[in-house]
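Read through the structure below, which is laid out as structure tokens, and then see the notes.
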Amino acid sequence: MWSDKIIYINIARLISGALRFVAIGVYFVTAFLIACCEALRRTRPFNFIFSVLFTLNLGLLLGMLATLYQSDELLVAVGLTSAVCLTLLLFVFQTRCAFTGAGPYLFCVLIPLIFFGLMAVMLHRGLLGLLFSSLTVMLFSCYLVYDTQLMIRGKYDHSLIADDYVILGLGIYLNIVIIFMKILWMLKRKIV
């Protein structure tokens, strides 16, 4: 027999499932438009509109992901991510070492890491997953330093033009999100 509570739960599941697919679709569409349409990301107000859409949508997806974790795991992941990111930002502002020429090298490390991650998913190995997550945190920490130095104009050789602040800001945001998600994954598996 169907009670009001069962009907409510089933409707909530249906809405959350549909919302998840809509959010993923909006994520990919906005990411594609921001990455591929140069005129769109450099034209006001479209650059603001799409960056806000992208950010809010990714926040919604992270909120859905957060429901799968305990509150203590989330707090520890936020704390560790904050500590890592703040330490790296202090390094960026204090160092004389420029990472801005490291883009091709970081990309060359990213490609095998993607395939390594696919292999870790297919083999379902705990140690392999730990290694993949650790390498991902290290790589995207380097990307965070790289993107932050690119955003600091006039101090480094390879600064981008002024209208690229949207893509650089979203790049920094994505680096932090990826670091957070990998730390959270390691905490869920009681590895960290």
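For all residues, glycine too, the Cβ spot is worked out from N, Cα and C.
Here is what TrEMBL records for this protein:
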type     : residues : note
TRANSMEM : 6-34     : transmembrane segment
TRANSMEM : 46-68    : transmembrane segment
TRANSMEM : 74-93    : transmembrane segment
TRANSMEM : 105-123  : transmembrane segment
TRANSMEM : 129-146  : transmembrane segment
TRANSMEM : 166-187  : transmembrane segment
Which of 46-68, 105-123, 166-187 contacts the transmembrane segment (129-146) most, counting Cβ pairs under 8 Å: 166-187
Among the ranges 46-68, 105-123, 166-187, the one whose Cβ pairs under 8 Å to the transmembrane segment (74-93) are most numerous: 166-187
